[in-house]
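Here is the structure we will look at, set down as structure tokens.
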Amino acid sequence: MSKKTYWKDIWKSLASSKGRFLSIMLLMMLGAFAFVGLKVTTPDMQRLATDYLNRQNTMDLTVISSMGLGKKDQEELKHLKKANVDFGYMTDVTIRDTHEALRVMSVPDKISKMTLVKGQLPKNVKEIALASTLKKNYQVGDTIKVRQADDGILKETSFKVTGFVNSPEIWSTTNLGSSTAGDGNLKAYGVTVADTFNSEYPILARIRYDDLVSLSPFDKTYQNRLREKTDALDELLADNPEAHLAEIKKDPQDELNHNKTSLAQAKEKLTDSESKIATAKKNLEEQEKALSALPESQAKAASQQLQEAQKEMASQEKNLETAKKELAKNEKALIKAQDELDRLEMPTYTVYTRETLPGGNGYMVYASGSDSVAQIGNIFPVVLYLVAALVTFTTMTRFVDEERNNSAILKALGYSNTDVIRKFVIYGLVASLTGTILGIVAGHYILPRIIADIMTKDTTISGIRYDFFWSYSLIAIGLAFISAVFPAYLIARRELSEKAAQLLLPKPPVKGSKILLERMSFIWQKMSFTQKVTARNIFRYKQRMLMTIFGVAGSVALLFAGLGIQSSLSKVVDNQFGRLTPYDMLVIEKTSASAEEKEKLAEALSGPEIAKEKEITYASIMLEVPEMSQHQSVSLLITRQKDFDSFINLYDAKTGKKRELSKDGILISEKLAKAYQVKEGQEIKLKDVKGQEVKVNVSAIIEMNAGHYLMMSQDVFDKHFAEFESSPAYLLNLKGKSSKVLKQQASKLLSLPAVAGLSQNSAMVDTVKAVVASLNGAMTILTVVAVLLAVVILYNLTNINVAERIRELSTIKVLGFYDKEVTLYIYRETIILSLIGIGSGLFSGIYLHKLIMSMIGGNDILFGTQVAWTVYGIPIAVVLIILMLLGVLVNHILKTVDMLEALKSVD
């Protein structure tokens with residue numbers, strides 16, 4: 001048979017159904033775009049980050065000691081198996097005439113190498129290279145001056161700027177974490193040569209493990225191995241604090257002992273001198289008495305000698321008094337020095353990962369954001385593809401039905417069933433494959449770039465690494481085959497089982513039957529003719545009814561989930577820092593502070609700038625949390641009262657009711673409770689990195705969106721947590737809430753010797769906002785995709801409905817129905833089914849939203865599921881607007897259709 005006629009018929013079918021072809025193409029394109037785009041974005045971002053980390057040979061772990069790393073520490077770290085260690089220095093200072101904190105670090109040697117952005121690295125103690133974020137504030141050749149604490153370790157406080165760098169350890173350009181200088185928030189950093197630091201011991205050790213170099217830092221294998229190495233380091237350094245403190249104290253104590261000995265000798269000499277002066281003084285008194293017995297000539301000479309001796313005596317007594325005062329002063333200084341030495345706290349050793357390292361907020365946000373996109377990609381495109389596939393299936397079914405006559409003619413002309421089936425397969429293949437390929441390309445090269453640009457907007461790492469993932473592409477193509485090609489084959493095969501003569505005849509109409517409403521006569525009898533027709537037609541075309549409901553429901557569910565996620569994300573900051581923890585700052589007091597230092601702190605806390613303050617006990621511990629690859633920092637807040645007043649509000653995570661501290665248990669934050677899989681009333685077993693274990697009852701699970709918390713009374717702490725180090729602390733609320741006031745007050749408090757550290761809520765706010773912003777951008781794109789899906793689905797189903805029933809519509813128009821009545825005759829069904837779909841979609845969207853929210857946020861952020869009323873309103877409004885616009889289009893189509901031609905088309 002002639003293939004020319006065959007291919008001509010195929011192309012004619014394509015040309016005569018542009019709308020159907022385009023809708024199938026768009027459905028497959030949207031599905032592939034969302035599926036491939038979300039699936040490849042995370043690996044693209046993670047591979048880019050991995051390349052960057054490996055290029056800079058970034059540390060896997062960093063050990064930081066509060067008193068430097070002693071000789072024993074260094075030896076133990078140097079002998080770590082299959083690891084390279086690089087020692088360095090760092091200190092936080094304040095940029096002069098500002099409240100801004102600057103972290104000054106020694107230039108890394110081989111590990112965590114700096115990226116030179118401009119200029120050159122420093123070569124001597126008077127030079128510094130600043131973070132690239134300060135390029136707007138300084139130029140190469142400028143001078144930057146800093147001020148440091150009295151016990152600062154910098155030899156110089158004025159530096160010449162030689163260049164600008166990026167550190168592979170500090171990715172964020174806006175939120176660099178906390179600092180012990182300035183206003184408590186790190187503004188920037190700089191690097192200088194190691195000789196600039198006047199410290200006997202290095203402050204930190206960067207460690208790079210040979211067996212981790214080839215692994216992606218985002219893989220579970222890497223994270224599990226890293227946790228093992230963290231545990232090993234904690235165990236290795238566990239007994240070092242006592243030895244290092246003794247090492248630190250040795251020389252000063254020897255010097256003090258020497259000075260004490262010298263002081264004792266000086267005292268002895270002073271006592272001897274005092275005794276000699278007393279004896280001499282007594283001799284002078286006796287000589288003065290003997291003057292009266294001497295002859296006048298001798299008395300005069302003797303008197304003169306006596307006066308000179310008395311003057312000498314007075315001078316010696318004066319010198320003795322001066323020596324006594326000096327001795328007392330030196331004795332007081334020795335006592336003070338000994339007291340300061342005795343009050344030295346035990347040094348702490350902290351093992352940090354890239355996420356927990358001071359300044360590692362940017363890396364944490366990047367890792368958390370990319371992981372959240374992966375989690376969304378496991379759910380969102382699946383629902384989208386399922387909806388698109390079902391609608392495509394319906395579309396292809398309708399296409400085969402429309403081509404029934406043509407199929408019969410081809411069959412009558414001698415074409416085989418295989419040839420006829422191939423026609424429909426080619427149509428489905430071309431439409432679906434065109435859309436899928438476009439979606440794959442856009443998913444690989446457009447969506448990842450958009451999401452990455454949003455997520456890396458405030459980081460030093462930018463761009464995206466474009467890799468083509470054949471696995472996801474083949475899955476998308478496979479889904480296209482299942483959605484469009486496979487149904488075309490099955491339906492065409494079923495149709496062609498009939499003879500050509502039967503195929504030339506129209507399909508018999510769907511058999512009518514009584515519906516449930518007809519059996520409810522009290523309702524049915526009150527319905528109008530058009531209402532009855534609509535009700536019967538809805539159940540007459542069950543496949544289309546289900547597809548309309550399911551299609552609209554799927555679109556609304558995706559819209560609700562997308563908008564709901566954005567709404568929930570936007571509420572996190574206000575809920576956490578406005579409702580749950582509305583305090584301005586937390587000030588931690590040094591446990592070794594002297595009475596005088598504590599008094600100065602008390603004066604500052606009672607100053608006019610402080611609106612309210614509350615004394616508590618604070619502890620921070622690193623826990624080994626189940627189901628989490630890294631150790632988690634947990635804050636313990638303790639008070640002797642029943643709650644924390646208005647500084648921290650304790651709400652039950654389930655009921656939302658206010659809770660109070662218990663006398664026999666702890667209040668645990670919701671995210672931590674989920675990680676431990678504990679419920680209220682159960683016992684929880686906590687184990688820190690030092691091996692200390694605690695078993696305690698959970699009195700309540702409280703609502704917290706950011707961070708891990710354990711709240712308890714002082715009695716519970718003393719009973720169960722007494723072995724853990726704790727410090728006096730103060731929750732503060734300031735009278736002024738401006739950024740300037742917060743910076744000034746934070747800087748003032750940090751300058752006090754009794755303050756060990758200070759935490760501002762604003763720093764945590766910035767971290768949470770960064771995570772929220774990164775996810776918001778991705779959800780905006782997906783929301784737009786959901787809207788487009790709704791448009792295509794409703795257009796497609798409406799188009800099918802009109803095409804299927806054009807003869808029926810022509811009949812009622814010929815019978816005298818007006819144009820609007822004809823449109824409503826068919827479109828009323830679409831409206832009713834869409835309303836049912838909207839209701840189902842909202843119901844499904846609630847669960848879809850909750851499911852996605854439970855999967856994102858990282859280790860220490862828990863997003864709520866509350867949404868604004870607009871999340872319910874917008875999907876309803878979008879669908880209604882689409883229905884209204886499509887109604888106008890349908891009305892126009894039905895007005896222009898030649899009804900008489902339609903009535904005889906089958907003949």
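Quick reminder: no glycine exception, Cβ is built from N, Cα and C everywhere.
Predicted automatically and left uncurated, TrEMBL annotations should be read as such.
If you check TrEMBL, you get these features:
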- 21-38: transmembrane segment (TRANSMEM)
- 295-318: region 'Disordered' (REGION)
- 309-318: compositional bias 'Basic and acidic residues' (COMPBIAS)
- 378-495: domain 'ABC3 transporter permease C-terminal' (DOMAIN)
- 379-400: transmembrane segment (TRANSMEM)
- 424-448: transmembrane segment (TRANSMEM)
- 468-492: transmembrane segment (TRANSMEM)
- 545-565: transmembrane segment (TRANSMEM)
- 777-797: transmembrane segment (TRANSMEM)
- 781-895: domain 'ABC3 transporter permease C-terminal' (DOMAIN)
- 830-849: transmembrane segment (TRANSMEM)
- 869-894: transmembrane segment (TRANSMEM)
Please identify the stretch among 21-38, 379-400, 424-448, 777-797, 869-894 with the greatest number of Cβ pairs below 8 Å relative to the transmembrane segment (830-849). 869-894
Ranked first among 21-38, 468-492, 777-797, 869-894 for CB pairs under 8 angstroms with the transmembrane segment (545-565): 777-797
Before we move on, state whether the transmembrane segment (424-448) and the transmembrane segment (21-38) share at least 3 Cβ pairs under 8 Å, counting only pairs 6 or more apart in sequence. yes
Checking distant contacts: for the transmembrane segment (777-797), what same-chain residues at least six beyond its ends satisfy Cβ-Cβ under 8 A? 19-20, 23, 26-27, 30, 33-34, 38, 41, 373, 376, 380, 384, 387-388, 391, 394-395, 447, 450-451, 454-455, 544, 547-548, 551-552, 554-556, 558-559, 562-563, 565-566, 569, 830, 834, 878-879, 882-883, 886
Checking distant contacts: for the transmembrane segment (468-492), what same-chain residues at least six beyond its ends satisfy Cβ-Cβ under 8 A? 24, 27-28, 31-32, 35-36, 39-40, 43, 385, 388-389, 392-393, 396-397, 399-400, 407, 420-421, 423-425, 427-429, 431-433, 435-436, 439-440, 443-444
By DSSP assignment, list the helix, strand and coil residue numbers for the domain 'ABC3 transporter permease C-terminal' (781-895), in that order. 96 helix, 1 strand, 18 coil
Please count the residues of the domain 'ABC3 transporter permease C-terminal' (378-495) that DSSP assigns to helix (H, G, I), strand (E, B) and coil. 96 helix, 1 strand, 21 coil
